Amino acid sequence: MAGGVIVNTGGGKEYPGKLTLFVFITCVVAATGGLIFGYDIGISGGVMQMNPFLKKFFPEVFRKKEDDKSTNQYCEFDSQLLTTFTSSLYLAALVASFFASTVTRVFGRKWSMLCGGLTFLVGAALNGAAQDVLMLILGRILLGIGVGFANQSVPVYLSEMAPAKLRGMLNIGFQLMITVGILAANLINYGTAKIKAGWGWRVSLALAAVPAVIITVGSVFLPDTPNSLIERGYPEEAQRMLRRIRGTDDIHDEYRDLVTASEESKLMRHPWANIVKRKYRPQLTMAILIPFFQQLTGINVIMFYAPVLFQTIGFGSNAALMSAVITGLVNVFATFVSIFTVDKLGRRKLFLEGGAQMIVCQIIVGTLIAIKFGTSGEGHLSKTYSSFVVLFICIYVAGFAWSWGPLGWLVPSEIFPLEIRSAGQSINVSVNMFFTFVIAQAFLTMLCHMKFGLFYFFGGWVLIMTIFISFFLPETKNVPIEEMILVWRSHWFWGHFIADEDVHVGKAETEMSNGKPKSDAI
Ligand code: BGC
């Protein structure tokens, strides 16, 4: 127990303070950074369904789609150029997140959000006005850069602003906005697909400007986090901010721990070289495996390609878009379950329950499709039968929406010590984007070759990741972010990687009583 601060049963301290309106509003504004990511995820699948769009940019795919009506359903949309349209964004985001790491650390979290919003805005304009594939893909790349910056900075911002007890809830605001972005995109596609004159896709792509403006304007007004203010040498501002966001003058303990974390972080000049040190092995492993596993749940097969997937299994074009709206709604509402339970039940319970639910649904959906289409890919689904398919897809989406969806962003953002936080978050974003890219690029081909087995394939992965969580992820609920080291230290496996001298608790206290750091003392 450091500094006479209460150690709660969750393994961490409890600092004084409450959820202030100010912190709530800042977190809501920052979370809107998730909208741009969500809008992208949801918009491309529907646009790819629009014939005028296909005719203009991908005439070959259009011709193929028109010509071979009767052949193998599984392979109808298999085109690498078409998937490049979806996936180019994620490669750009991957690269951008490394640049964002420096901006976030050196200039502060809010500037990364602003960069993200502005670049995204230009990308939306280019896409809405696209005349050829080049413009289209260039626009997607700019959108990707925007997403890279936003996803690198927003989750960290939220986790730093939030009081430990409510960190899960406030951080999941980001995921909630992602799901709202996806749903908005689905609804917009549903409407614009009906525009007879054939320019509906332009509206869909250009409307990405709306979430871009929201986060751009929002980030101008956002204050920076106390952690970042201390890290960048503004101790007075940091104290003021801490008082404001915690709604109390009694911020000494928390402030002191933030200063300790910052002092430690200053000893390290190269976060990228440090993150590979043995003592950070648990965090590094999670920064790589959590986003990898999140994508291997197969969720984006549904999010990107729900309309394509539903059409593939025999839905009409309109019904396919409508079903995508239904899964989008389930995704939004189920996210609330995690918002209200994550700080009480904890992260692990949600991971384990959500994982089990997804596995069962994937087996059922794969089997339902196998029964009707077999390996030939030929067949037809009755109304009742397809409703069952949609039902189990919805239960699967709900499972994801209260487990791997939000926790895939929350957990990595709360486990890194300050000195490697920016770097760690960039790894998280880039691994996420890389595998989002791989799935986006490979899905249509995989569907064509693996057929219904694709659902079993992802189900197998969810089984592996659920087992992994049960053995290797310690519970992080309610633990102050700068105290997370204690959780790793007491873990049966990860504890071996952390020596006693790696645990900084109490160090600040000594320094403070020695009169250091003077300028920061309160
Ligand atoms: C994932 C996305 C996914 C979305 C679905 C996010 O957490 O990173 O890849 O499309 O959730 O809601």
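Each residue, glycine too, has its Cβ placed from N, Cα and C.
As recorded in TrEMBL, the features of this protein are as follows:
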{"type": "TRANSMEM", "residues": "19-39", "note": "transmembrane segment"}
{"type": "DOMAIN", "residues": "26-477", "note": "domain 'Major facilitator superfamily (MFS) profile'"}
{"type": "TRANSMEM", "residues": "81-99", "note": "transmembrane segment"}
{"type": "TRANSMEM", "residues": "136-158", "note": "transmembrane segment"}
{"type": "TRANSMEM", "residues": "170-188", "note": "transmembrane segment"}
{"type": "TRANSMEM", "residues": "200-222", "note": "transmembrane segment"}
{"type": "TRANSMEM", "residues": "284-308", "note": "transmembrane segment"}
{"type": "TRANSMEM", "residues": "320-342", "note": "transmembrane segment"}
{"type": "TRANSMEM", "residues": "354-373", "note": "transmembrane segment"}
{"type": "TRANSMEM", "residues": "385-405", "note": "transmembrane segment"}
{"type": "TRANSMEM", "residues": "426-447", "note": "transmembrane segment"}
{"type": "TRANSMEM", "residues": "453-473", "note": "transmembrane segment"}
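Only residues 6 or more beyond the boundaries of the transmembrane segment (19-39), in the same chain, are considered here, and those with a CB under 8 A from a CB of the stretch are 113, 116-117, 120, 143, 146-147, 150-151, 153-154, 157-158, 161-163, 166, 170, 173-185, 207-208, 211-212, 214-215, 218-219, 221-223, 244-247.
Taking Cβ pairs closer than 8 Å, the transmembrane segment (426-447) reaches residues 74-75, 77-80, 82-84, 86-87, 90-91, 93-95, 97-98, 100-101, 144, 147-148, 151-152, 275, 284, 287-288, 290-292, 294-296, 298, 300-301, 304-305, 308-309, 312, 408, 412-413, 454, 457 in its own chain, all 6 or more past its ends. Using the rule of three or more Cβ pairs under 8 Å, pairs at least 6 apart in sequence, the transmembrane segment (136-158) is not in contact with the transmembrane segment (354-373). Long-range contacts of the transmembrane segment (170-188) within its own chain (CB-CB distance under 8 A, at least 6 residues past either end) are made by residues 23-24, 27-28, 30-43, 46, 154-155, 158-159, 161-162, 203-204, 207, 211, 303, 306, 321, 324-325, 328-329, 331-332, 335-336, 338-339, 342, 401, 405-406, 409-410, 413-414.
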